[in-house]
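Peer 1: Below: one structure in structure tokens.
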């Protein structure tokens, strides 16, 4: 679109070319729909398949190719593992063992639960990790309340009694208008989920939670701290691995798509960078929650850690009883655990970087093998290996129905739409136009630019889904890095991590909403705690990318796999 210059006769200034403007319109339209959730998120992701061919940006065939990538195979393989873990109860054994190893004093108990949830969320969906952990946490809290009040478990929350049969939740997603059912049989510890968790938020629960329970103030604060800690630790643990959360996978596939010659993003390097970040945030978040809810200063915190009380005995008893109910480790759990360890080992050793990995055994096509190849191969085993011996009718470890119940197809479509949008910005020239527009930002210090980007992303992700947020910002921040001649990873990695820092509201992400539905916390409790955790998260990420992230990914040099804009001739930032 060209407009006459107001001060010069016969001259025009071109602000937008036609295809750039049309692609910008699609980008803004999708961003508005994703933030407001006016229509289901997965259907918003279909807009490039409709509008790009109509605008002449990409053909329908070219757009369709962007909707299924290597990311989807990795996601399917990981969900196969998560389905087996959930079906055979391996998650309960892992969680209970980790909690009892840490200890059962109030502060230590919270650290144990947070560590368990963070570890599970490294390998399974964050919402699944929370729904696995919360029944155990609530059982411990109910037992503590019972011993402190001299009553029976469940008096303060009659709909969550330990001696009941089944608890039924019906969760509704306001973005996708779909439901999933969660059933928990408390005596047996059986947890069943009848449909994949919603992408957005939980709006209602069929269980009527108490509005004004009469508890001792300290017990109430302990309940708040533990529940909020579970919600936060799922997001904190998820950032540690590439398959741990959707933004990490979206970022990885975006790098492979836009910068095909960049081979530095793999499971091992990401773990080296982000596992310390996750541990730092987890530890500081635990201390922050203890200070906020359990003790007014660190002296009270450490006193709480070391004191002996009836709460400790009650918590230990319920944990030991639940672990005994699991019985001996079954052959199905053993097989699932072995596959899990093999998958992690193969991911770590495929292409470590400092030594040749096992992918070098295929010298002519080593680049063809990715982490998705490993995940899909091992995931296929769960459909082949029999769950029982020859004396029983053949039944595979998992069925397609069970896999489909946990497979987040809405996330798969959402991510595909993001890939199509990214390719459209490249084909239309919008990414280059944005890069030229943002060139003046090169005058700012690099860390200042990264900090501003992280704050913006962290703010938006509180009201929009994590996957949608990172999908919107990747096509914007990547040209920004090229414009200011900075390694794109220097900006994209911290903003990707900050996308997972949605801690302020119950509606910020499904884990927050699941925990909120138990009725132990209020919105203001989550807001007060979330502000501090957001600050902790952003500072920890900035510390990482400014220190050990620099030599790990060569962030201080402009890479040869990134394009050099015409206005730049140097190779150093």
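In case you wondered, yes, glycine gets a Cβ from its N, Cα and C as well.
TrEMBL labels come from automatic prediction, so no person has curated them.
Not my notes, these are from TrEMBL:
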- 71-90: transmembrane segment (TRANSMEM)
- 102-124: transmembrane segment (TRANSMEM)
- 270-294: transmembrane segment (TRANSMEM)
- 325-348: transmembrane segment (TRANSMEM)
- 368-385: transmembrane segment (TRANSMEM)
- 406-424: transmembrane segment (TRANSMEM)
- 444-477: transmembrane segment (TRANSMEM)
- 529-555: transmembrane segment (TRANSMEM)
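Context for these features, please: burial, neighbours, distances.
Peer 2: Long-range contacts of the transmembrane segment (71-90) within the same chain, counting only residues at least 6 positions beyond its ends with a Cβ under 8 Å from a Cβ of the stretch, are 123-125, 128, 132, 189-191, 193, 242-243, 249-250, 252-253, 326, 330, 332-333, 336-337, 339-340, 343, 370-380, 382-383, 397-398, 402-403, 405-408, 411-412, 415-416, 419.
Beyond the ends of the transmembrane segment (270-294), by six or more residues, the same chain brings 106-107, 110-111, 114-115, 118, 218, 221-222, 224-225, 228-229, 232-233, 236-237, 239-242, 248, 252, 300-301, 304, 348, 493, 497, 528-529, 532-533, 536-537, 540-541, 543-544, 548-549, 552-553 to within a C-beta distance below 8 angstroms of the stretch.
Taking Cβ pairs closer than 8 Å, the transmembrane segment (368-385) reaches residues 70-71, 73-74, 76-81, 83-84, 242-243, 266-267, 335, 339, 342-343, 346-347, 350, 359, 362, 396-398, 400 in its own chain, all 6 or more past its ends.
Taking Cβ pairs closer than 8 Å, the transmembrane segment (529-555) reaches residues 228, 232, 236, 264, 269, 272-274, 276-277, 280-281, 284-285, 288-289, 292-293, 447, 450-451, 454-455, 458, 487, 489-490, 493-494, 497-498, 501, 503-505, 508 in its own chain, all 6 or more past its ends.
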Peer 1: Given pairs 6 or more apart, does the transmembrane segment (406-424) have at least three Cβ pairs under 8 Å with the transmembrane segment (325-348)?
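Peer 2: By the criterion, they do not touch.
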Peer 1: Are there residues at least six beyond either end of the transmembrane segment (325-348) with Cβ under 8 Å to its Cβ atoms? List them, or say none.
Peer 2: 77, 81, 84-85, 87-90, 92-93, 96, 123, 188-189, 266-268, 271, 358, 371, 374-375, 378, 381-382, 385, 387, 397
